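Features reported for this protein in Swiss-Prot:
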type	residues	note
BINDING	10, 11, 12, 124, 165, 190, 245, 290	UDP-N-acetyl-alpha-D-glucosamine binding site
REGION	363-383	region 'Disordered'
């Protein structure tokens, strides 16, 4: 089976796509996956680093661009559809999965017009504009939150959760090593989160009596690392401050409480790894979807949410202290998080995709082609 994964822009779209791709290629040596994205998106660097080929098209968003910007970006759409058609004709995928983001629209619509089975994977509680539009034509809509189902026809919805990377799955399967001091993990996504970084530093004076009793790992992003490190040391803390955490599996395994944003991929990781959390939703997220995401964990008893407008150093310190000082509460939160986890999401989504392929092509392995057969000529980036 050859799968095409279309979309990206942010890690929230890209990483679930990579997790699904990892599942597909491990099933059979003849399976392969190709991605389609844009040169400006995170996928342009992350997908090749994960070992998958990627094609690039030229397309930009329409939402929030103003009338002039939207009209200008509309002019790019015919070219994006032509590029999509060329890529699809060259790679001949058996199924196309849109993961959200600008690139998914032209590719999935063109695949539908070519009678290739299509699906979308919606990571958030509020479906993005592209996925809502594509939901009218695709065969399946994979959702992670019950709230997202209302955007799609009931017969198309598979609520299976968000796929997470295989390295995180290894952490899920690995027993946690015992450690003495409570451990706090702070991060704001792959680029850090400036407001979150600042509030954590403001919280430190209110946690001064704990500085000998807790260990802190803090991913800051490049912009704030030096300032944050100085802030910790000024308050007598000796944390592990990093611009970027390469091995999130180890970071999750070694912590008792997480302070972070409420992106869908992050929440999928927290629940599979069974970690209590304090969630600070990104206020500029489209349709305020991070607040909706966070509420699902809060309502289940797995997390505490502090909206950024209410976030002060004192408030954050109080929540950190109350959770770290209550092992029984942490354990209850961890169990609640685990009940929300979907460790089999990638496997179950791949199962449905293979069934779509079987219905269309008569075999779960798709169209007849030689094993490993690639396009007859090298792909032309953004041609």
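Each residue, glycine too, has its Cβ placed from N, Cα and C.
Note that the coordinates shown come from a computational prediction; the quantities given were computed from them, not determined experimentally.
Structural mapping of features recorded in Swiss-Prot.
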residue	record	DSSP class
10	UDP-N-acetyl-alpha-D-glucosamine binding site	coil
124	UDP-N-acetyl-alpha-D-glucosamine binding site	coil
165	UDP-N-acetyl-alpha-D-glucosamine binding site	coil
245	UDP-N-acetyl-alpha-D-glucosamine binding site	coil
290	UDP-N-acetyl-alpha-D-glucosamine binding site	helix
Chain-internal residues near residue 124 (UDP-N-acetyl-alpha-D-glucosamine binding site), provided their CB is under 8 angstroms and they sit 6+ positions away:
12, 144, 145, 148, 264, 289, 290, 292, 293
Ten-angstrom check, please: count other Cβ atoms within 10 Å of the Cβ of residue 245 (UDP-N-acetyl-alpha-D-glucosamine binding site), all chains counted.
17
Give me the long-range Cβ neighbours of residue 165 (UDP-N-acetyl-alpha-D-glucosamine binding site): same chain, 6+ apart, Cβ under 8 Å, in sequence order.
15, 18, 19, 22
Give the number of CB atoms, excluding that of residue 11 (UDP-N-acetyl-alpha-D-glucosamine binding site) itself, located within 10 Å of its CB.
20
Among 10, 290, which are binding-site residues, the residue with the most C-beta atoms within 10 angstroms of its C-beta:
290
